[in-house]
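Written below as structure tokens is the structure these notes are about.
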Amino acid sequence: MKDAPLQIHVLLGLAITALVQAGDKKVDCPQLCTCEIRPWFTPRSIYMEASTVDCNDLGLLNFPARLPADTQILLLQTNNIARIEHSTDFPVNLTGLDLSQNNLSSVTNINVQKMSQLLSVYLEENKLTELPEKCLYGLSNLQELYVNHNLLSAISPGAFVGLHNLLRLHLNSNRLQMINSKWFEALPNLEILMLGDNPILRIKDMNFQPLLKLRSLVIAGINLTEVPDDALVGLENLESISFYDNRLNKVPQVALQKAVNLKFLDLNKNPINRIRRGDFSNMLHLKELGINNMPELVSIDSLAVDNLPDLRKIEATNNPRLSYIHPNAFFRLPKLESLMLNSNALSALYHGTIESLPNLKEISIHSNPIRCDCVIRWINMNKTNIRFMEPDSLFCVDPPEFQGQNVRQVHFRDMMEICLPLIAPESFPSILDVEADSYVSLHCRATAEPQPEIYWITPSGKRLLPNTLREKFYVHSEGTLDIRGITPKEGGLYTCIATNLVGADLKSIMIKVGGFVPQDNNGSLNIKIRDIRANSVLVSWKANSKILKSSVKWTAFVKTEDSQAAQSARIPSDVKVYNLTHLKPSTEYKICIDIPTIYQKSRKQCVNVTTKSLEHDGKENGKSHTVFVACVGGLLGIIGVMCLFGCVSQEGNCENEHSYTVNHCHKPTLAFSELYPPLINLWESSKEKPASLEVKATAIGVPTSMS
């Protein structure tokens, strides 16, 4: 009991001491500020309990004159501080300083000599205009520096000298117009660099070479139009790069190959018009690829994404013109699990595209204008265990009988196994105005089964076939037409035609050069009778005009009959020879060709012709039969002789001039309506009642070279 008063005195003493210390700390805390222990993460993401002084958003004009001695984090965000004058009183253990959203106009107004323990400094959203030499020299332990959203237009070559431990540097959203590699010579340990939203316009080779440990680079929104081949040289540890919101019109393939350890690539929101063969290939560590929000992207071509053994995810969404993905676009991607293709202009996705991805687990193709026909029927054939994301948003747009139905609810047997080609309306515009001597690329893509072949027709009626160079024109195998150094002479209406065994589709574009529109020069239109039989007439035509549309209308009338009703056929304007069949013997016909122009007018010319009698035609047929037998016999003889020598003969083409021609020896007449029946139905807009005369188009030969 004697010790009780002593214990009471001791406890009272301790309590008084604690109260005194608490009172001292409360006095040290700046007025209106909050001083407390808060959780905090270091730049290395290490969690700690830090003594924090929170003076945010108090309208302070000056830096606090006094701070608790144990302060570790000082928050002065959203005040009106223009300079720091009491740096000598800084707590020695201060590790984090937030001066963002103040009125600092110069780093020289921040005396950092007593802040050697600082790890993080936030200076964003101030009024800094430059970073002079050695402006932060005293911060030898600094790991994070945020100078983004200022007015920086100049950074001295040695501005970052002394910051050899810096890990993160944020310079985005300033007024920098160039990148100087000397900035980075003092930053050997930098891992994250943000340079986006500066009016830099271009970067140079070796710009980032000193940054040997850089892991993440963001150069978004700087209006880049190209990336030099050696721009990323030296970045052997780079794992992530973002080119978001620039003006790249093609993938910087060569430059990306220099970043050998790249894992995450962001090319979103660039006007890249197509992903070409080999654009993303042999990038052995790439895991995620983003090609979203590209306003000009039309297609992903064959082998565009190839041999990426570690790729897990592709995002190609919200591309309003992306209408075509080649069946072999994604190749040798053994670990790809997620394929995001929603909200594009895709009418179909080939089954071959999915079959080439053995580890695919989920796919998103909703919010696309799906055409429910042969190309997409695989979805409902239970041939895949892939999960379709948001299946309730996957609807048919075409054909009319399925419009509005959910794709997964249309039975695959209701879709044809083969179907007409379809050129996406988004492939290219209907009118294009370009400057003289410029380079023009027109991207035409079509889906169908069997896969269609694509060729182009020039304003002068010449046919341009794939992989063929002709004057200023070159057509790529995928369907892209390149025109080099275009002049007003090459202006006019260009037509892309996609054909397969079922039929054809076409789409035209009017190209103006320097605002010049080709005028109707009333060029000549001539019809020539090439051959007359009892039941058919072979006619050809030639027109000197650059404004003709892509379809030609042939019409035949029986002159001896009162009725003027007649059936007609529409064909591509590059078909210069046409065979009218199923005619009556010894009958006079009026055959007319009607060619519309781009000015809603038409060129029309007619010719009168009388078919031969059956007797007269029979004699000629006999002669033709003899000639045919002789030709066949001679051909068999030649083949026999060649076989004796172990050679293989292949019959050459029988094409004459630039059009369909007659070859009675080698090629029998094939009805155009049998070869391309849907094509005739598609283009025939007449709703007339069937006439007594049946006129059908007949293809005499399929051209194999350019016109």
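Cβ coordinates are placed from backbone N, Cα and C, and glycine is handled just like the others.
On a predicted model such as this, the values are computed, not experimentally measured, just so you know.
In terms of DSSP helix, strand and coil, the domain 'LRRNT' (23-69) has 6 helix, 16 strand, 25 coil. The domain 'LRRNT' annotation in Swiss-Prot covers 23-69.
DSSP places the residues of the repeat 'LRR 1' (70-91) in helix, strand and coil in these numbers: 3 helix, 4 strand, 15 coil. Look at Swiss-Prot and you will find 70-91 tagged as repeat 'LRR 1'.
Swiss-Prot lists 165-186 with the feature repeat 'LRR 5'. With a cut-off of 8 Å between Cβ atoms, the residues of this chain six or more beyond the repeat 'LRR 5' (165-186) that come close are 43-44, 124, 140-153, 155, 157-159, 192-201, 203-204, 206-211, 218, 220.
Within its own chain, the repeat 'LRR 6' (189-210) has Cβ neighbours under 8 Å at 148, 164-179, 181, 216-235, 242, 244, counting only residues six or more beyond its boundaries. The repeat 'LRR 6' annotation in Swiss-Prot covers 189-210.
Annotated repeat 'LRR 12' per Swiss-Prot: 335-358, in sequence order. Nonlocal intrachain contacts for the repeat 'LRR 12' (335-358), taken as residues 6+ away from its ends with a CB within less than 8 angstroms of a stretch CB, comprise 308-329, 364-371, 373, 375-376, 378, 383-384, 386, 389-390, 393, 397-398, 422, 424, 426, 447.
Annotated domain 'LRRCT' per Swiss-Prot: 368-421, in sequence order.
Positions annotated as domain 'Ig-like C2-type' by Swiss-Prot: 421-514.
Here Swiss-Prot flags Cys444-Cys496 as disulfide bond. Summarising the environment of Cys444 (disulfide bond), the number of other Cβ atoms within 10 Å of its Cβ, over all protein chains shown, is 28.
The domain 'Fibronectin type-III' annotation in Swiss-Prot covers 523-614.
As annotated by Swiss-Prot, transmembrane segment applies to 627-647, with the evidence given as sequence analysis.
The topological domain 'Cytoplasmic' annotation in Swiss-Prot covers 648-707.
Outside the repeat 'LRR 1' (70-91), and at least 6 residues removed from its termini, the chain residues within Cβ reach (under 8 Å) are 35, 38, 40, 50-64, 97-105, 109-115, 122.
Following the DSSP three-state reduction, the secondary structure of Cys444 (disulfide bond) is coil. For Cys496 (disulfide bond), the count of additional Cβ atoms within 10 Å of its Cβ stands at 27 [all protein chains shown]. The average pLDDT computed for the repeat 'LRR 6' (189-210) is 95.
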